[in-house]
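**Student:** Take this structure first; my questions come after.
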Amino acid sequence: MMVLRRDEHGYTCFQGMGIPVGKLSLYTALGGVRPSACLPITIDVGTNNEKLLNEEFYIGLRQRRATGQEYDELLHEFMSAVEQNYGEKVLIQFEDFANHNAFELLARYSSSHLVFNDDIQGTASVVLAGLIAALKLLGGTLADHRFLFLGAGEAGTGIAELIALEMSKKTGNPIEENRKKIWLVDSKPVRFERFNDFNRARKRSLQHFMKPWAHEHEPVTKLVDAVKAIIPTVLIGTSGAGRQFTKEVVEAMASINGDCLMKGGLIYS
């Protein structure tokens with residue numbers, strides 16, 4: 001098992017090696033995976049951080065970050081070397097890759113390698129497990145609910161996709177139909193219109209993994225207004241922006257769903 005970390009922003013580089021080490025330590029402590037079967041890896045492709053480039057004691061690669069074809073060739077060389085040296089059954093976990101790279105790498109190598117992205121798939125499986133557990137208390141199915149997400153990065157879209165897939169598994173409905181029950185609100189600041197203004201030019205400007213969640217709706221700029229407009233029974237926070245689930249937002253959820261526990265209004269953050 002390998003945890004492959006890529007410091008997309010060049011802020012921590014090798015100082016961030018503790019992240020893949022920590023992930024593998026959890027697999028050993030909680031899953032019983034032998035440490036000798038684990039290998040933490042950080043790929044350094046440079047940084048665009050001027051402060052780090054000029055830092056005398058910076059231990060990372062002192063060059064501009066590789067992108068495009070150079071980046072793709074490096075990752076392909078690495079993935080080929082892993083398969084050649086360790087075989088097809090080695091599990092490679094992608095960690096901390098930027099959104100545009102994370103989804104592309106997962107799609108590119110999922111058919112040829114045993115790969116897993118913790119930010120997209122790991123977080124999604126934990127949240128889905130929580131939702132299924134809550135349903136045992138509340139009753140009903142996932143398809144009975146309407147979901148609103150604050151945050152539309154790897155975690156948000158990953159969770160949304162897994163929920164839609166689980167709905168399809170249980171109901172037999174096409175995944176496109178299930179996606180209509182799931183709404184995503186972007187943040188920094190909250191920009192509901194980014195996803196839900198169905199203007200074709202705007203939709204084309206979205207990254208590919210965001211496009212399935214672009215629903216037709218009038219622009220909304222505040223999370224509380226999105227809650228009032230969409231009337232969700234489940235509100236999930238996956239944004240790095242803090243203090244977004246304000247008293248006003250919680251009260252709006254409560255006014256829609258009554259007692260959150262008894263009426264089915266769930267809030268995850």
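Numbering starts at 1 and runs along the chain as it is shown here.
Each residue, glycine too, has its Cβ placed from N, Cα and C.
Below are the features listed in TrEMBL for this protein:
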DOMAIN    2-110  domain 'Malic enzyme N-terminal'
BINDING   GLU95, ASP96, ASP119  divalent metal cation binding site
DOMAIN    120-268  domain 'Malic enzyme NAD-binding'
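Show me how these features fit into the structure around them.
**Tutor:** Secondary structure counts, DSSP: the domain 'Malic enzyme N-terminal' (2-110) has 55 helix, 15 strand, 39 coil.
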**Student:** Check the domain 'Malic enzyme NAD-binding' (120-268) for me and report the mean pLDDT.
**Tutor:** 80
**Student:** For GLU95 (divalent metal cation binding site), what is the tally of other C-beta atoms lying within 10 angstroms of its C-beta?
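**Tutor:** By my count, 22.
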**Student:** Long-range same-chain neighbours of ASP119 (divalent metal cation binding site), Cβ under 8 Å, sequence gap at least 6?
**Tutor:** PHE94, GLU95, ASP96, PHE97, ALA102, GLU154, ALA155, GLY158
